[in-house]
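The transmembrane segment annotation in TrEMBL covers 12-38, 58-76, 88-110, 130-152. According to TrEMBL, the region 'Disordered' annotation covers 159-185. Summarising the annotation, TrEMBL assigns compositional bias 'Basic and acidic residues' to 176-185.
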Amino acid sequence: MKLDRPARRATLVVHVAAAAGWLGLTLGLLALAVAAITTDSAATTEAAVRSMKIFTDWLVLPLAFLTLLSGLVLSLGTHWGLARHRWVYVKFWLTLATTIASVFALRPGVSDAVDTVASGASLVDPTDLIAGPIVSLSAYLFMMVISVLKPWGLTKRGRKQRESARGRRSVSGKAVDSEGARQPA
Ligand code: HEM
């Protein structure tokens, strides 16, 4: 089912707001991780990792799912398709991978760090704390860039679909342009 213009615009606003929120949140996590690692004050380290836990417990997953869901609606409800254009397909898999990594690596890592500092010990391997935000921030920036530039053209599946649409249309006597849109014969 294709989205009509108002529905597509509304979903795009939700999608960009969720994706930008997710990116900004990750930047905040990175700042807190740097503060936790570089300070000499145990109180600052504890405050920083506790703040990270609030972010990861309350915000990361809702924003990840909202980005993924709105992205799926936009893909399936518009001419972009999910597996038709490479930039969309790459974003889909990368978002899925970073969402899974947030559930199974980022959140447990931050919880462990809170338990460690709350027990009075210092962080065993502080790089663990900073690795997640660095990797996810790089991934979201990359996805932001490919969303705006929309590089790489059609996937193999997208090319096949375009060829078969062309075939069908030339049988019915209509010519199509390179995007598959109908042209006057
Ligand atoms: C962190 C992850 C993501 C970021 C940062 C992101 C960012 C963006 C941005 C900035 C746009 C607007 C581009 C423009 O209008 O020029 C956009 C559009 C779009 N995104 Fe995403 N996105 C993400 C995830 C996803 C996912 C997972 C999917 C698919 C499952 C997806 C599918 C789409 C589609 C199809 C559009 C075009 C919508 C249209 O023009 O109607 N995105 N995205």
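Cβ coordinates are placed from backbone N, Cα and C, and glycine is handled just like the others.
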**Study point:** Outside the transmembrane segment (130-152), six or more residues from its ends: residues with CB under 8 Å to it
**Key:** 19, 22-23, 26-27, 29-30, 33-34, 37, 85-87, 90-91, 94-95, 97-98, 101-102, 105-106, 109-110
Practice item. With a Cβ cut-off under 8 Å, give me the same-chain residues at least six positions beyond the ends of the transmembrane segment (88-110) that come close to it. Key: 49, 52-53, 56-57, 60-61, 64-65, 67-68, 71-72, 75, 80-82, 128-129, 132-133, 135-136, 139-140, 142-143, 146-147, 152, 155
